[in-house]
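Heads up: the structure comes next, in structure tokens.
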Amino acid sequence: MDLEGSRIQDDPHVKVMMAGSTLRKVKSRSWKKQRHFRLLEDGMTIWYKSRWAGRGHSTFSITEVEAVREGHQSEVLLSIAEEFPADLCFTLVFHGRQGNLDLVAESTEEAQAWIQGVRKLIHKTQTMDEKERWVWDWFNKADKNKDGKMNFKEVRKLLKMMNVEMNEEHALHLFTMADKSESGSLEIEQFVHFYKMLTQRDEVWKVFQDFSGDGEKLMLEELENFLRTEQQEGEQSAQHAQELTDRYEPSESAKKQGAMTFDGFQMYLCSQEGSIFKPEHRQLHQDMSQPLSHYFISSSHNTYLLENQLRGHSSLEAYIKALKRGCRCVEVDCWDGSDGEPVVYHGHTLTSKILFKDVISTLKEYAFKVSKEKPLVHFQGILFSVLKVSDFPVILSLENHCSVEQQTVMAQHLSQILGDTLLTTLVDGLIPQQLPSPQELKGKILLKAKKIGGLEVCLDETLTDEVSDEEEMANGECSDDPPKSKLSRELSDLVVYCKSVHFHGFEHARLHGKCYEMSSFSESKAKKLAKEADFVQYNTKQMSRIYPSGLRTDSSNYNPQEMWNVGCQIVALNFQTAGLEMDLNDGLFRQNGCCGYVLKPDFMRDGSTQFSPEKPDGKQGYKPLRLSIQVMSGQQLPKVNQKEGSIVDPLVRVEIYGVPQDQAREETSHINNNGFNPVWNETLNFVIHTPELALVRFVVEDYDKASRNDFMGQFTLPFTCLQAGYRHIHLLSRDGTAIPPSSLFVNISISELT
């Protein structure tokens, strides 16, 4: 694709977008307002404003849009379906936690122009490589008068926009070198040359020079030497050297010589294979045939909420977002509805209500099927957003506050809507001594709820028992609502391997606990239990679900690492709240094909384990490791303050999360006024006592001596997924979405502690 975007502006649908349209922006049944939308000349930015407002307007980039849904494919558009026909309606779905944009066109033709036009533009951004997209993007940002050329004044402004402080003399020198025609302005091809000089990587060049005999290319044996000594690849280095040359070397003549040029070397280091994350660990690679209790399971708390716990909006979209983020255990809070239809919301609060049957229909639609909303792929195939839907089972955690009558209605909806997807019988017809595996339960939804009796016996039709599972209410006291309520036989019969029970202590569980019995613990109760060594052993056979304190009305999260340290499988977090805790969750579940299941270390699967996170040196085969991270440089870090002229002072902090002895953080000094290509060359050292449980988080911040540093980007991954050697870390936003081409360049060394 050429840098002019294959003249996508000539496409008839895109022409309609560039000419502009009046579309209704819809937020609710009562909020439907006309806005003027148009695609700007850069072919990447959509601009819109009220027809009546003065100068105020909004913009967003096509790169922020994940997909377009046609027709009444959102809750908001469904609510106005009688007023506006489906062929006028469409929804723009954004990456991360950003809300949808629901729009209604004035004609079918106009709706189709925007639907097809946006889809084509999304496809264009997916097929451009990151360099092309960014060169084109910067050129358009700098070309203020849109004449297809850029004078030196525009270049100076561009440098500020790009987060780089450069003296005028050096900038003019680069400009003059790029201005081959001596016209005093740069056209796109000359701008590419200017950009290349600007982004020249001296630190990568130095590594290349260290291994190149003639300083111009790496012969196969030289590349093999680099892979063996620096990248610690061992015996496979020779074969890999050939593969990398075939894959990344752009020069055909160099390939024929069996050589790699500097351009090819840099492309390799910026690729998935050159990233910090082991490529083989991104794929589904773990044994999926072990009992469910042997896995950490990505889990969401009060999944229906998009905001806080008191006044937030309950939404089906929240379930879709959680499932697409890799979640495999969702929560449904059920209450009696006024017309006999159970509703889902956070009881005794002002959160809005949605129908239980609509939640179940959404699960049916999104739990397993790979949605049409295809993921964006950046940097030679690195998938940043977790959008691939897993085949492994989804656990539906039912928080049941309904009357027997409406429980029966729930049972009918579950059976009728989910059909064979709902697991209602034993996998092999036998009473289990251990839970079935994710492999055996592929494509199934499991109901976690109270059950009348066990799998062994059938008791009376009804049973007096507490229906509610979570003990903590907003005031922090233990309470159930209703305190003594009856269970519906129909609903009870749908529970097989996830029977909710009250916890009566580890000794009781050891003597009487069944593998299919499962308890829920508030974070405070779980923290107390975590001090007992028995928790790890208990979690080898039975599953534990941990949920945030009822006092977290702002939907904040607790640190999940403490719970993983004792083998708790279902550590439920508020997925709607970005921050450290969700970074850790995303980091842990980024491995194993993002399938939502991660196999626990072997010392957490052995029923006779004596492992304690407080005493890691007591573990059999205890081998602490030394982790050394040389933070070399940063590339095109994001601006924190969009004000013209503001430039960041970045620092890098590396944080280790794991058993208490492993918790640590070290940071570099800050670099003044350079977010474009800062160089640190500082080494941070750590000792890791339990590598199997450790997560490593890289954070970039804008240093501020007067107040708290501003967050710029982060990337979190399991210690076991680290690749040694010279590696790039492709940074993610606070929301967990990609921010290409922002990256860090590091040199990782892992060795045994002697």
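One-based numbering along the chain as shown.
Just so it is clear, glycine is given a Cβ too, placed from its N, Cα and C backbone atoms.
Quick look at what TrEMBL annotates:
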BINDING   Asn302, Glu331, Asp333, Glu399  Ca(2+) 3 binding site
BINDING   Lys448, Lys450, Ser520, Arg545  substrate binding site
BINDING   Ile647, Asp649, Asn673  Ca(2+) 4 binding site
BINDING   Asp702, Tyr703, Asp704  Ca(2+) 5 binding site
DOMAIN    15-123  domain 'PH'
DOMAIN    130-165  domain 'EF-hand'
DOMAIN    166-201  domain 'EF-hand'
DOMAIN    605-733  domain 'C2'
CARBOHYD  Ser181  O-linked glycosylation site
REGION    230-255  region 'Disordered'
Overall pLDDT for the domain 'EF-hand' (130-165), taken as the rounded mean: 74
Folded-back contacts onto the domain 'EF-hand' (166-201), same chain, C-beta under 8 angstroms, at least six residues removed: 3-4, 135, 138-139, 142, 148-152, 155-156, 159, 266, 633, 635-636, 676-677, 745
Close approaches to the region 'Disordered' (230-255) from elsewhere in its chain (Cβ under 8 angstroms; 6 or more beyond its ends): 207, 217, 220-221, 223-224, 261, 263-265, 267-268, 271, 273, 723-726, 747
Greatest C-beta neighbour count within 10 angstroms, which of the binding-site residues Glu331, Asp333, Glu399, Asp649, Asp702: Glu331
Rounded inter-Cα distance in Å - the residue listed as 'O-linked glycosylation site', Asp333 (Ca(2+) 3 binding site): 68
Other C-beta atoms that fall within 10 angstroms of the C-beta of Arg545 (substrate binding site): 27
Asp704 (Ca(2+) 5 binding site) and Glu331 (Ca(2+) 3 binding site), Cα-Cα, nearest whole angstrom: 40
From binding-site residues Glu399, Lys448, Asp649, Asn673, the one whose Cα lies nearest Asp702 (Ca(2+) 5 binding site): Asp649
Rounded distance in angstrom between the Cα atoms of Glu399 (Ca(2+) 3 binding site) and Lys448 (substrate binding site): 9
Length of the line joining the Cα atoms of Ser520 (substrate binding site) and Ile647 (Ca(2+) 4 binding site), in Å: 48
Spatial neighbour of Lys448 (substrate binding site) that is closest, considering only the binding-site residues Asn302, Asp333, Ile647, Asn673, Tyr703 and their CA atoms: Asp333
Close binding-site residues near Asp649 (Ca(2+) 4 binding site), where close means Cα within 10 Å, chosen from Asn302, Asp333, Lys450: none
Euclidean distance between Cα atoms of Asp704 (Ca(2+) 5 binding site) and Lys450 (substrate binding site), Å: 52
Which of Lys448, Lys450, all binding-site residues, has a Cβ with the fewest other Cβ atoms inside 10 Å: Lys450
Inter-residue Cα distance where the pair is Arg545 (substrate binding site) and Asp704 (Ca(2+) 5 binding site), in Å: 40
Nearest of the binding-site residues (Asn302, Ile647, Tyr703) to Arg545 (substrate binding site), judged by Cα-Cα distance: Asn302
Residues in the domain 'PH' (15-123) grouped by DSSP into helix, strand and remaining coil: 32 helix, 40 strand, 37 coil
Nearest-integer angstrom distance between the alpha carbons (Cα) of Asn302 (Ca(2+) 3 binding site) and Tyr703 (Ca(2+) 5 binding site): 36
